[in-house]
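What follows is one structure encoded as structure tokens, with my remarks underneath.
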Amino acid sequence: MTATRTEDLMPFDDVLEAYDPALGLEVHVELNTASKMFCGCPAVFGGEPNAGVCPTCLGLPGAMPVVNGKAVESAIRIGLALNCDIAEWCRFARKNYFYPDMPKNFQTSQYDEPICFDGYMDVDVDGETYRVEIERAHMEEDTGKSLHVGGSTGRIHGADYSLVDYNRAGIPLIEIVTRPILGAGEKAPAVARAYVAQLRELIVALGVSEARMDQGNLRADVNLSLSPKGSGTLGTRTETKNVNSFRSVERAVRYEMQRHAAILSGGGSILQETRHWHEDTGITTSGREKSDAEDYRYFPEPDLVPVAPSREWVEELRGTLPENPTVRRARLQAEWGFSDMEMRDTIGAGALGLVEQTIAEGAAPQAARKWWLGELARRSNEDGVDLVDLPITPADVARIQALVDEKVVNDKLARQVFEGVLAGEGTPDEVVDKRGLAVVSDDGALGAAVDNAIAANPDVADKIRDGKVAAAGALIGAVMKEMRGQADAGRVRELILEKLS
Amino acid sequence: MSDLTRSTAAALAEGLAAGEVTSVALTEAHLDRIDAVDGAVHAFLHVDRDGALADAADSDARRARGEARGPLDGVPIAVKDVLTTRGLPTTCGSKILEGWVPPYDATVVARLREAGLPILGKTNMDEFAMGSSTEHSAYGPTRNPWDLDRIPGGSGGGSAAAVAAFEAPLAIGTDTGGSIRQPGAVTGTVGVKPTYGGVSRYGLVALANSLDQAGPVTRTVLDAAMLHDVIGGHDPRDSTSIQQDWPSFTEAARAGATADMSGVKVGVITELAGEGWQGGVMARFQESVDLLVAAGAEVVEVSCPSFVHALATYYLILPAEASSNLAKFDAMRYGLRVTPEGDPSAEEVMRATRDAGFGDEVKRRIILGTYALSSGYYDAYYGQAQKIRTLISRDFDAAFADVDVLVSPTAPTTAFKLGEKLDDPMAMYLNDLATIPANLAGVPGISVPNGLADEDGLPSGFQVLAPALADDRVYRVGAALEALHADQWGGPLLDKAPVLAGAAR
Amino acid sequence: MPEISRDEVAHLAMLARIDLSDAELDHLAPQLSVILESVASINGVAGDDVPPTSHALPLTNVFREDVVVPGLTAEEALSGAPAVEDQRFSVPRILGEEA
């Protein structure tokens, strides 16, 4: 069953005439620790079902949690990178609610004593900087994963029963919560996207998570409310879940703004609820209504003792942080010689890290930028996936550029190499090989093609002989056509001019 | 050796060391005793004859090779059914866990196995340790060997009755508000609640995590000390486990047995007496205090004013933590699953299962705890209760600045009749009045038998409390009092218990 | 101190996922009122200046090394399950939000 839109939307520009949006983002980051948050089971989801569990993460009676010190370290480093204060003393708390994928029927999380709080991140959108304030970043554990059986689609609705695998239960998560982001206006969708994209880059630079949105290592929940323009109040918000790409973050915000506005302008009121984003149809649908089921009955986890990071430890971890993002961007722009516009586009596309890695793999800065913001950006749009989630690595891109530089392929053929790599046909060299894409540099074959072209176009040949060198283009085109593109156009031109001089 | 089942564990250990008896012989003797009397007492929920005898045979073989793992290697033991035992059913006295066989051992159980103690079986208890009479077991009550119409205390009535009825020389109990000490008092046995964090809670099915502590249930103070030496010490699987080396409690008990109390300052807690305290219990208590004075102790009265709030504090903290702990019993991963008619959802199955699988007292406390944690009530109840814990700890600190140990009667009354308080929860809760403060503050305590009340001829208990980490003091003073009373009585108190007629289980 | 109403008990039972019957509600509500009345005596006993105690002994920073240690086999993990299919815990249909 595909979710289809049944709700009215207000045109986006009209929304902004009447309302101010308030954004809020909750991002869950799955840490890449070796073991789980509270036990020694592998922190790897997947594999043989229920084979990565122990009494603790399976919630067996009597079992007890012990905190993974590395996860605390990662939490503190994330907090420091987000300019947060680090608690001198904080505790874990139980969030009590029943759900079959949660083995203990409470999630061990943090409540009013998060380990990191009061931070910010400066987000660049179209050359403007928005300061996103971070309310908190806290530690918690992931849940198990249910497969829904029966019904028509494997979705939860209409399923006959479910099968639960607890391998994921207990994998460490850091939840990063922003304060309401106000004043973004028409840029709200872009700010939301840029925040998540920049946050991801930070997480990658910290090395604390694989941070792949498509794999669920990084999950964003989008809170949105509208208030009458200039009122300075906060409206009722909805929380949209299941937003699994930067692009979807932007679209979900835009959609909810339009949906809220249509309801409010019609005299209706917004229901405070969880909504689900549908990637395929680009809409949100109503999930669970937030009511008394929200009484989580938090209390401090009595099986764990407080976490009290010493200031020495915090400072030591501060010393391990990657370069400040603003400083880094300025440095990279200078190193690469990008214009302001080029830099802005690169950041906006979420390609900064990808370009950086491609350059590190040996590509020239402009070439790296060209591919990621050109050919690959086009593909990511077409496929509806983020650049980073395309099945191609910066090393692949650098190699393809090297093939161009070595004149093994030309730009046009390079596009076919990209296509092959994205289609999973192998490495760039393998694609060149399998598809037979290498340009023909054998002057014999090329010479024959040139001769054919001259013979077929005697009038053009005459013009060239008369010194109208510009006419060579027509012959080059004919040769390239005969060679099915697999020739170096520069060399063809040389041969034509040689033969007709 | 003579009657193996009436020997102390220390004597059995000596007999094993001297080659006078085998572990198989004494394990068999206890299994036979269980067969003979447990039909009447119902101390056990599960008896593992084959497993215990196999462990005993292993122990004998080890000892023959000169590889005995410690003094108690080969001495059998009973374990409260709230500790997980790999391959042995663990029910916590609840229908919701009927038939559950854990795939892992509690740390305490693992340490018993490592030390070579054959496990006779699992003992009865109030469901999830909620109760003071063992009447709240889903599998029927345990009876007091002194009078089969009376309760053996609770929640660990099964462990206490098992040692009182000579079905086991040793047992493990757990104490959240008195569940080791109060059954000890009403069955004429010894029970010790160690310092919180002194014995691992890993594998102890939590009632109230911040109060629970496992400990020894025995007939003598020395036996308790020897057992404590086996099960105690740091466990990396329990985050609240204390990381320190402990002195030998066996040594402390042996030192105390000389009954020299000179230089020891004893505080009698003013607040743990008065209305509601049985006359005979108070008379025995005063007698014990007098014995300590005669042995050289200095005795003073000490006021702990916040103790009057201990019971209310306890009955907020415990249900709150318990309501969350017991949420995991939901019919999804283990235990009972009740499927209502029709095409029920997971939620409906959970609700039906929890209604059918939990008894009244458990439901009462889950509802109470859910209430206490609900938004809007947290500060007034759980939050406030946690603050009063601070006040109670301060009372202990102030008292222990002045005295070495504090003493009181363990329980306000002797064993009451089965059914007497079953539908009056508040009256039932009052049994734990004297034992609860130690759990709230995490300090260690012991109950030692100190005679029979004149009114009913039933045992009473004497409680000794010490500062956190000073568990050795409760063994020292407890052993002294035990020796003084043994002199007075001409033998152990249990010699006065009625002989149980053979009643096969 | 607050009486606890029958409706309130029913609501708490819903939160706690216990399907209390009418008879149980009738029985439990008055008992809970008595207990609550008694425990409410602690209200206001400790002032704002008293810090709460969550653990009897003040330990902090008890951490585990980030190393994988063997856990249960899938067979052991599933050994107590009321229903199993494809090496997973089989549970009745789940109402509510999409996971």
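Even glycines carry a Cβ here, placed using N, Cα and C.
TrEMBL: automatically predicted annotations, no manual curation.
Under the heading active site, charge relay system, TrEMBL lists B:K80, B:S155. Among the features that TrEMBL reports, active site, acyl-ester intermediate is placed at B:S179. Sequence annotations record features per position, and here TrEMBL assigns domain 'Amidase' to B:26-474.
Shown here: features listed in TrEMBL, placed on the structure.
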residue: B:K80; record: active site, charge relay system; Cβ neighbours (10 Å): 32
residue: B:S155; record: active site, charge relay system; Cβ neighbours (10 Å): 35
residue: B:S179; record: active site, acyl-ester intermediate; Cβ neighbours (10 Å): 37
Rounded to a whole angstrom, what is the C-alpha distance between B:K80 (active site, charge relay system) and B:S179 (active site, acyl-ester intermediate)?
11
According to DSSP, collapsed to three classes, what secondary structure does B:K80 (active site, charge relay system) have?
strand
Can you give me the Cα-Cα distance between B:S155 (active site, charge relay system) and B:S179 (active site, acyl-ester intermediate) in Å, rounded to a whole number?
5
Overall pLDDT of the domain 'Amidase' (B:26-474), taken as the mean:
97
